[in-house]
Structure formats: C-alpha cells, structure tokens
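What TrEMBL says about this one:
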type	residues	note
TRANSMEM	26-44	transmembrane segment
DOMAIN	30-650	domain 'Major facilitator superfamily (MFS) profile'
TRANSMEM	65-84	transmembrane segment
TRANSMEM	96-117	transmembrane segment
TRANSMEM	214-235	transmembrane segment
TRANSMEM	255-279	transmembrane segment
TRANSMEM	337-360	transmembrane segment
TRANSMEM	376-397	transmembrane segment
TRANSMEM	404-425	transmembrane segment
DOMAIN	453-508	domain 'Kazal-like'
TRANSMEM	534-560	transmembrane segment
TRANSMEM	572-595	transmembrane segment
TRANSMEM	624-647	transmembrane segment
Amino acid sequence: MGQHQHLNKTAESASSEKKKTRRCNGFKMFLAALSFSYIARALGGIIMKMSITQIERRFDISSSLAGLIDGSFEIGNLLVIVFVSYFGSKLHRPKLIGIGCLIMGTGSILTALPHFFMGYYRYSKETHINPSENSTSSLSTCLINQTLSFNRASPEIVEKDCVKESGSHMWMYVFMGNMLRGIGETPIGPLGISYIDDFAKEGHSSLYVGSLNAIGMIGPVIGFILGSLFAKMYVDIGYVDLSTIRITPKDSRWVGAWWLGFLVSGLFSITSSIPFFFLPQNPNKPQKERKVSLSLHVLKTNDERSQTANLTNRGKKVTKNVTGFFQSLKSLLTNPLYVMFVLLTLLQISSFIGSFTYIFKYMEQQYGQSASQANFLLGVITIPTIATGMFLGGYIIKKFKLSLVGIAKFSLLTSIISFLVQLIYFPLICESKSVAGLTLTYDGNNSVASHIDVPLSYCNSECNCDESQWEPVCGNNGITYLSPCLAGCKSLSGIKKSTVFYNCSCVEVTGLQNRNYSAHLGECPRDDACTRKFYIYVAIQVINSWFSATGGTVCILLIVKIVQPELKALAMGFHSMVIRTLGGILAPIYFGALIDKTCMKWSTTSCGARGACRIYNSVFLGRVYLGLSTALRFSALVLYIVFIFVMKKKIQGKDTKASDNERKVMDEANLEFLNNGEHFVPSAGADSKTCNLDMQDNAAAN
C-alpha cells in the first residue's frame, strides 16, 4: 500500500515537473521570439533614418516632404495604438505581435517596391543619358556661337521622360509603407511587456525587459553596418553598367542602393513573426487543457445566452467609464507638474528627432563626408555611447537611491552639460564652398551678396550655357563651377570619372601662373581646416550623446511619480501620444522646411519642376540646423528648472501638512493626559526620532 502511494506521488511530481518545463519552455520561446522582433523593429527604424536623404534625391523631393515621409511611421502608430492598448490584452497577444511583425515587414517591402517600377535613376536631368552609352558624350562644353541642341534631349524624349517621371509620385508608396511599418510596430512593445509582466516569475519582469532593450540594440548596429555598405552601392546596381556612371559617393547627386536595406529589414521582420503563431495565449496551460477548456466553453454557450440581459447594465457601465475617462484626463491636464513635464520632454525629444533625422545630410553637406562614411561613423560611435550612458544613468539612480527631486536634479544636470557641449558645435561650422555662380562671380574674383541670378561673366557669356544645369567641375584653382560650360572649358579628354576639361577661360582669369587652365569632374573637396573640424565634431558628438543618454533614462520614472497611482497608465499613454504627434510627426517636417531655406541650387525635373537640393549654404545650414535644436533644448531647460522648483514646493507643502497633523495629534494627547490628571513629557528618544524624521524629509525635499 505504501509503495503504491509512493508511486502515485512520484507520478504526480513528474507530471508537475512536465507542466513546469512546458510552461518554462513556452515562456522562453516567447522571450526569444520577442527578442528577434525587437531587433527587427530597431533595424527597420534605423534603415529609414539613414535612407531619408537617399529617398529625397531618388524621388526629387524637398527635405520637408522627406520629413513628412519619415513622420508617417508615427501616423501609423497613432492610428491603432488605442485599439491595441485596450483590446490587446483581451486577445491572443503572441498572435497579435506576430501579425504586427508581419505587417511591419510588409510595410518595409512596400517601401522598397517603387525602385522596381521606376526607370533608371538619372542624376543629370538636363541631359538625356542612356545607361548603356558613354555618358561623357552628354557633358556640355563652351561652344561659342553654337547651340547645345545635340546635348539636350529632344522634345519627344523630354515629354516621354516627364510622363515617366510622374513616377516620382511613387514617394507616396514609401509614405504608405512607412505608415504600415508604424502600424505593425505598435503591438510589439506594450503587448510584449504586458505578457512578460503577467507570466514571468515574481521580480523577474524588470530583468527581462532590460535584457530585451539591450538585445534590441543589435538592430541599430546591424542597420548602421548595412546602411554604410548599401550607401556605397549605386542605386541601379545590377541593372546598369557601373563603368558608365561618372559620379562618386561624395557627389551630391549620388543615390545608394537604399531599397536593399528595406528588403533586408522587411524579410527579417516577416521571419521574426513566424514563431508567435505557434505560441500559446497562456503558457501556463498545456495544449490538451486548452482544448478541454475550449470544449467546456462551447458547452456553456446556453448559460451565456441567459446573461444577455446584463448588456443594458454593461452599457451603463460603459457610459460611466467614458465619463470617468474625461474626469481622469481633466485631472491630468490640471496637474501643473504633469503638464510642464509633458511640454519639456516634448521640446527635448523634438530637438533629438529633428537633429537625428537630418544628421546624415548635415555631415555630408557641412564636412563633405559621403553617406557611407557618415553612417559607419555614427554607428560605431553613437550606439555604444548611448548604451553605456543609459546603463550608467540607471546605475547611479539605484546606487545613490535618489529621491524624486534628486532624480529630476540629476536629469537637469546631465541636460545642462549636454546643452553646453552642444554649443561647441557652432565654432565647428565650416565656411561655404567657393562655387562660381553661387558664392563667387563666375570669374572667381569677387564674392556675391546673393546666390540668386548671378550674372554671367565675360569668360563664359558667349558659351550659350544652360544655367540650370548641375554638372559640377573643380578647377585647379580650387573653385567649383556649376558645369564645364559655365567654367568656359573648350575641350575634354578621358572618359567617365577621370574626364578632364582644358582651356577653361573662367579658370584662366583667376591668375594662375602656369597655363594649365583645367578642371575635373566633381565638386572640390573640403580644405584641411574643415576636415579637422569634422574630427572634433565627432568627438563632441560622443560626449553629447553620452550625457543625453545618461539623463534620458529617468523620463518614465518621473511620469509615474508625479501623478496619482490610478492615473499612471493614462499619464504614460497621453504623454506618448503628444510626443508622437507633435514630436515624431511635426519635428522632421519643420526641421526640413527650415533646412530647405538654406539651399542654393535646386535640381530641375524633366517636367521643369523643382527637385531635390544639390548644394546648401554651409554657414546658414549650420546656424539653422544647430540653432533650432539649441533653441528647443534651451526652452526645455528653462521649463525643467521651473518644474523642479514647483515640485520641491509641492513636496515641502506635503511635509508641512504632515508635521501639522503630527502636532495636532500630540496636542490632543497632551490634553487627554491633562484631563486625566497626568502630564505627558516626550522622551529624549522621541525628540531624536522626530528630528531624524525631519532630516529625512528635508533630505527628500532636496
């Protein structure tokens, strides 16, 4: 008999171990799948940021329109975030996350599709270039008393190209693809974290979430590496003979293989979605139990029909919930601490989003770096710096057990240091390039007050040049000319990228002692002084990123501490909505619109419309780009100081009320003792205890 009981116990323990193993394996599988989805999400985001300048050039659009495309991700996110937040926890969360990853991958692939339906990229819109022909034949030189009709495309070709180039409206597919990616990304974070919180062991959820965020950093690392690699490849790689391409990655017309990054990230996202469709809704239940519960659920449908009478009561509850929602929202919006914190974080994050969206363009235009070099440097430097800063920020808060005001002061200190470091960027702005026809007269002898309608010089006035053409050449005097014709060049030799132009009359009048008045294809490189400034800029970027990341980890901590406990979820949701709407969507647009104001030379499409910008005024670009970011951050700092002052005052007010209540209780106790004929004398221990409490309160307030 005893042996039989022992066998039963052994069987029960074995079955319980199997359940634990099954539950453990299901949860671990979910963690592994969610890790891949985090990587896919970060990879897709960084690919879009790195490709925004390439997309701008490929579709011949302005920076503000490119900013709208970038912000479409947040638009898609906002469309479904309420639905996901409310209904997500009531449905099959792993499958919802899987569907999200599938939609995210589909959006990335949709973003890349226009490349396959548009024609070859023509970096010189003013001339008709067949990719299979020697492109040097399309270069116009100074032909005195002759027309350039043989260099121009015929009206029939122009009209055909104009119709075909209506494909430039295919940027709308990129817009929709990025929006679709935003829709798909929505359930990954909230549903994944809530699933972990529900089924992780007690006290382990924070460790899992931290590990997920750390693993997610692999996505940007892969993205920067792939982005750097694809930016070196010509956009039509595999379709054209690359030996016929006469521009280099440092040319302002160069477009890399931007579409390859979206294909890779899209396929990775779709692959990461597969495991979620095989995971249980509840990892604590084995498959058989779920089937049994499903059959029981079917048998109980008759009982559920009897509960339809409760729908009226539920409707009343819904009305109460809606009323309660607006009351809660009113409570949040009348909380001065919360409103100030939302505004200051909006300013900070708008500065970050706008700066990061156009940082690759800034490095290209300001310091003459190619997109590939900019991507690689930012990836190698920024990602480890930000990761280290985030970890250190959390460690400092935990190590020193900072109070609420202490956390806010720590964040303010790091923000002030980061702001002061950012001011060093201004002396690192390079002078504008010497470009004849934009910053100098065509003879190169004098500067011009404005780049608009610079008159021709006697060195090229008889050349019959097309002034709208952008085919830059660098004279051996260090000045860039808009085209070989406007440089007054009469002859050329060599092919493709090694083409050299001779007898350039506008180069001649600048007073060279040797009579080698020549120019070669491409803009003149930046001087050594500007190159040195670039290396200093990179070093300052590291310091700035580190301080920003160190103080940026406390955002969520402050939000949940300055509102009532029952309003935490609503406070975080409303904060996220404001940041996404006014920061994620609008910041790239108004940053891009102001950057467009600094453009000196726009491309011209085959239809004669304005295209993408070819060259910017470096000084104005630096002042606008850095000035706008600095202004936003300075406004945030002012609000931060007011926020801490109000917070301290509020905490001190609470402490005063608490001490008044303690005195009131003590007075009542003394009165009671006196009425009973006794005298209450506080002991020295009580005095010291009260002193300690006051010191702790003062320390917390400070």
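The backbone N, Cα and C atoms fix where each Cβ goes, and this holds for glycine too.
Mean pLDDT for the domain 'Kazal-like' (453-508) in this predicted model: 86.
Counting residues per DSSP class in helix, strand and coil order gives 7 helix, 11 strand, 38 coil for the domain 'Kazal-like' (453-508). The stretch in 26-44, 214-235, 255-279, 572-595, 624-647 that contributes the largest number of Cβ pairs under 8 Å to the transmembrane segment (96-117) is 255-279. Two recorded stretches are said to be in contact when at least 3 C-beta pairs lie under 8 angstroms, sequence spacing 6 or more; the transmembrane segment (214-235) and the transmembrane segment (337-360) fall short of this definition.
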